[in-house]
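Q: My questions all concern the structure below.
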Amino acid sequence: MIQVLLVTISLAVFPYQGSSVILESGNVNDYEVVYPRKVTALPKGAVQPKYEDTMQYEFKVNGEPVVLHLEKNKGLFSEDYSETHYSPDGREITTYPTVEDHCYYHGRIENDADSTASISACNGLKGHFKLQGEMYLIEPLKLPDSEAHAVFKYENVEKEDEAPKMCGVTQNWESYEPIKKASQSNLTPEQQRYLNAKKYVKLFLVADYIMYLKYGRNLTAVRTRMYDIVNVITPIYHRMNIHVALVGLEIWSNTDKIIVQSSADVTLNLFGNWRATDLLRRKSHDNAQLLTGINFNGPTAGLAYLGGICNTMYSAGIVQDHSKIHHLVAIAMAHEMGHNLGMDHDKDTCTCGTRPCVMAGALSCEASFLFSDCSQKDHREFLIKNMPQCILKKPLKTDVVSPAVCGNYFVEVGEECDCGSPRTCRDPCCDATTCKLRQGAQCAEGLCCDQCRFKGAGTECRAAKDECDMADVCTGRSAECTDSFQRNGQPCKNNNGYCYNGKCPIMADQCIALFGPSATVSQDACFQFNREGNHYGYCRKEQNTKIACEPQDVKCGRLYCFPNSPENKNPCNIYYSPNDEDKGMVLPGTKCADGKACSNGQCVDVTTPY
């Protein structure tokens, strides 16, 4: 039986009072009225787009001039972004809006190297910026025919609950497998390549029915709230070499699709099940987060599965819309996503150069946008041990359904490279303004690209990982390093297995992966359970019916292992999860007898599976 780690986060609650404008709550002690002046960089006579790629505003804070530089967050949305809501009679309505001309920006303050900004410019400037180490909020004042904005320090927002909030970590029988510590030394070439690769999290957000009611049954208001939150999350993860893109948004505008309740662990379990059985069938994504207007029991404001990324059920989290200040909700969501990505709560010794950090167990009223050294170590260990594959997959050019956007780090149709904005790009091979290769460059990235040129034909670009793999070489005509491997069916691991698609699957290794380093394969008698045709033993499924193994096929069904641990001396053990029944089956290509290997639940001649 596997254990699941449910990780909760608790924080002070700011009750919603009917408006998204913080000033109207009466919780701001002191603010300054400013009149931001836009400084245009467009040449005279040029056509000005609704929302420019870069903008600059000037205003005064504490009597001192401030210049705010903004760049559009071009990676905010994926190219196949979709939105779903429901009609009063329950009909699903899905649209694919064009979102490249959006109004969400990141930025900095001129002459302040430590400054940051996350701003919505949809109707005036709304968001936060960091100036000389202090956090400020800015939002338009609701005055007729006026460009007046309010600027106030975050510390001047009165907190309605100053009591410390503790975070709880619970364990439940039906949960994701615990994080296993990995050695930081002696990485295999495959692990090192994985660590160096860019990571992409394709995020899907869901707003429940209470959120819809909370924002006045206004789809635009709910949508704006979600956009504001993701605009804060993306730069937090960009520092970790993780690109977060919003692939979809769903608003439960007629009724909830699950029973959202104050018990956070029950709600998370229901949401994970709904994602696995419903949402994933409609929309491909890597991680889903539910934003709810309900109050969870106790101080809990969020909950997530530790290490669940890429799992059909456990790559999920739930977050309470606990504050009028959207960046506090965004940090809570970034925290829950951090748990999905293998990060545990920070200890007292953890540091990020400021306090607190994103993965603090109890979020104080001091906002932080940095991961601690402990979080970075947790994440690295998780990646090394598990190597989740979904976050390596960036959108394919052929999947793009809206116009390409230069500067979003995704190479799309019509682009030769994409290294981000002109300010952030550090790629000497790529012209960030056009997303084309610079003059004389043949490539910008790839294992067969070196200093903007193709490596010579025959140059080794990837070493053989094991005896079933082959060293890969460059062609001299491409930046790609095509993967190749030894012929299938070739004996491997001292004749204990046969090569299968570049790997050598044997039962002994599979038992160790499931039950730990001391595990061994069970005796032959245990495999006779596979003749029963139930969840304890079967060979394959047909139309969701478990088919019992024939006598000669029993070693191609469920894998039986002996954990050989102090707490488990049972000689016949299976790995079983009701939400992922196929995990724990003998892998395809595994040797089941001399000259035979498993294929579709049958022990067949070794040449047949290939």
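The backbone N, Cα and C atoms fix where each Cβ goes, and this holds for glycine too.
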Q: From the disulfide entries in Swiss-Prot, identify which of C481, C504 pairs with C492.
A: C504
Q: From the list C511, C526, C598, which cysteine is recorded by Swiss-Prot as disulfide-linked to C556?
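A: Within the candidate set C511, C526, C598, Swiss-Prot assigns the bond with C556 to C598.
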Q: Which residue does Swiss-Prot record as N-linked glycosylation site, given the choices N186, N218?
A: N218
Q: Looking only at Cβ atoms, how many others are within 10 Å of the one on H345 (Zn(2+) binding site)?
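A: Cβ-Cβ neighbours of H345 (Zn(2+) binding site) within 10 Å number 22.
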Q: Considering only the disulfide-bonded residues C374, C492, C504, C526, which fall within 10 Å of C468 (disulfide bond) when distances are taken between Cα atoms?
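A: Of everything listed, what lies within 10 Å of C468 (disulfide bond) (Cα to Cα) is C492, C504.
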Q: Kindly assign E415 (Ca(2+) 2 binding site) to one of the three DSSP-derived states: helix, strand or coil.
A: coil
Q: Can you give me the Cα-Cα distance between V405 (Ca(2+) 2 binding site) and C592 (disulfide bond) in Å, rounded to a whole number?
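A: Between the Cα atoms of V405 (Ca(2+) 2 binding site) and C592 (disulfide bond), the distance comes to 51 Å.
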Q: Across all chains shown, how many C-beta atoms besides its own are within 10 angstroms of the C-beta of C374 (disulfide bond)?
A: 19
Q: Return the residues near C492 (disulfide bond) by Cβ distance under 8 Å, restricted to its own chain and a separation of at least 6 in sequence.
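A: Same-chain residues close to C492 (disulfide bond) (Cβ under 8 Å, separated by 6 or more) are D466, E467, C468, Y498, C499, C504.
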Q: What is the one among the disulfide-bonded residues C417, C430, C452, C504, C572 whose Cβ has the most other Cβ atoms less than or equal to 10 Å away?
A: C430
Q: Which value does the mean pLDDT take for the domain 'Peptidase M12B' (199-395) in this predicted structure?
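A: Residues in the domain 'Peptidase M12B' (199-395) carry a mean pLDDT of 89 in this prediction.
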